[in-house]
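> Checked TrEMBL, it gives:
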DOMAIN    21-107  domain 'Pyrroline-5-carboxylate reductase catalytic N-terminal'
DOMAIN    249-394  domain 'Ferric oxidoreductase'
TRANSMEM  205-229  transmembrane segment
TRANSMEM  249-271  transmembrane segment
TRANSMEM  292-313  transmembrane segment
TRANSMEM  347-365  transmembrane segment
TRANSMEM  386-407  transmembrane segment
TRANSMEM  419-442  transmembrane segment
Amino acid sequence: MTTNSSNTMALAPNTSNKRETICIFGTGDFGRALGHKLIQCGYPVVYGSRSTKITNLIPKDAEVLGHAEAAQKAAIIIIAIQRQHYNFLTPLAEILHGKVLVDISNNLKLKQYPESNAEYLAQLLPGSKVVKGFNTVSAWALQSGTLDASRQVFICGDDVEAKQMVMNLVRALSLTPVDKGSLLAAQEIENYPLQLFPMWKFPMLLSLGLTVFFFLYCLALDVIYPYIYEKSDVSFYIAISIPNQVCPVMALVLLGLVYLPGIFAAIIQLYRGTKYRRFPDWLDKWMLCRKQLGLIALAFASLHVVLSLVSPLRTFESWRTSRRIVSQALNNQTEPLDNTDAWLSDSYLALGILGFFLFVVLGITSLPSVSNSVNWREFRFVQSKLGYLALILCTAHTLVRGGDWFLSPSAYKWYLPNVYMLSLVIPCAVLVVKCVLILPCIDKPLTQIRQGWERNPKHSE
């Protein structure tokens, strides 16, 4: 008898897995996309709308009712409308009392209102449990299913139970909820979609400023100087030659700037004798954008490779080659092969190829999909050890290319050094100081400091 009862219970349908009804106020793009996704995940969806007429835009299995009727059917109501239309919710305050309201709205610009949209909604409906969420997910991503780049959903709210309900809903949609705390964090969450590459602002501005400086520097030395003193018009250098000087210079300088803040951090820690004090704000911000600086450097290096490959196709190169051949034929002379120049040329190319290869490895490893698949030790080995090796190879590549210019008086036009000489300042400084820091007499106390040892413990207070 007991056995039969047990079997009957085992075969009975499990009603605990039944999904609760979700109400959505708003039938715009995001409301429809979210409703479609909820239906796919097994949730009954009811739309609250001014018009109860069902159109082909509404998901097939969804129900459309008036706002009051729809709200009565669900404990969770997703507010998929803009802030300026929130006033229609005030007459529904009694029906919405105790309901979980998920505010998904965004603004058109930063600091558009004194308080966040979610806080404003909570003020309009003090009896409801307002939770901020889903505002960082796009309608297109929900419709197309390409959620890899926006899988995280930031959640905040004052009611712990309501917030947990929304987080469970997020997980059911195969997304990752991130609890940001109370509703005070709503303004920060609403600002996320409005920030256009926030970590790229400083690297981009720095790169743009340096690019303009080096371009004008090369323009003055390679185009304006010959025109003034030699009456030679080589303005066509602006198209290929000068960019092919600026790109490797920028790549090397930016790569040096990636590792320079680490040098500063080590020196500061040695000076203070502790790791328990914050770095200066400028150094903190610099260290946070090293990845972006490295990727921009890789872009310049890649452009340098392309420009170098197309350089032999230029009319100027064809003219110079044919002129040399005709000159040798008229003089009945053949220039012998200079083994030294051949060695320098091959070494220059080999160092450049190896340096660029490691550059690409660094760039690939910094991608989230790759960095998430390696452990911390492996990531540090690639970014630190291989990174410094890439810096050494690229610096050597530049030295072999133009090392003899340091001793050539003709390289100092207007008493200014060649642009390649300028590009070596930061990388060489980084490598020299790094060689000093890895000396046992300095590396040992630095390692102890980074492991928690303090020269004077009172500094940590």
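Just so you know, the numbers here start at 1 and follow the chain as drawn.
Each Cβ is built from the backbone N, Cα and C atoms, and glycine gets one as well.
TrEMBL annotations: computationally assigned, not manually curated.
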> How many of the residues that make up the domain 'Pyrroline-5-carboxylate reductase catalytic N-terminal' (21-107) does DSSP mark as helix, as strand and as coil?
32 helix, 19 strand, 36 coil
> So which residues does the transmembrane segment (347-365) touch in its own chain, when a touch means Cβ under 8 Å and the partner is 6 or more beyond its ends?
251, 255, 294-295, 297-298, 301-302, 305, 371, 374, 379, 382-383, 386-387, 389-390, 393-394, 396-397, 400-401
> The transmembrane segment (205-229): which same-chain residues, six or more beyond its ends, come within Cβ distance under 8 Å?
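For the transmembrane segment (205-229), the sequence-distant neighbours (Cβ-Cβ under 8 Å, at least 6 residues beyond its ends) are 235, 237-238, 241-243, 245-246, 249-250, 253-254, 257, 293, 296, 300, 413-414, 416, 418-419, 422.
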> In the same chain, who gets a Cβ under 8 Å from the transmembrane segment (249-271) while lying at least 6 residues past its ends?
206-207, 210-211, 214, 279-280, 283, 286-287, 290, 293-294, 296-298, 300-301, 304, 359, 387-388, 390-391, 394-395, 398, 419-420, 422-424, 426-427, 429-430, 433-434, 437, 442, 445-446, 449-450
> Do any residues, 6 or more residues outside the transmembrane segment (292-313), come within under 8 Å Cβ-to-Cβ of it, and if so which ones?
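That would be 199-200, 203-204, 206-207, 240, 243-244, 247-248, 250-252, 254-255, 257-258, 356, 359-360, 362-363, 366, 394.
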> Cβ under 8 Å, sequence separation of at least 6 from the ends of the transmembrane segment (419-442): give me the contacting residues as numbers and ranges.
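Hits for the transmembrane segment (419-442): 214, 217-218, 221, 245-246, 248-249, 252-253, 255-257, 259-260, 263, 266-267, 270, 388, 391-392, 394-395, 398-399, 401-402, 405-406, 411.
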> Per-residue pLDDT averaged over the domain 'Ferric oxidoreductase' (249-394) comes to what?
88
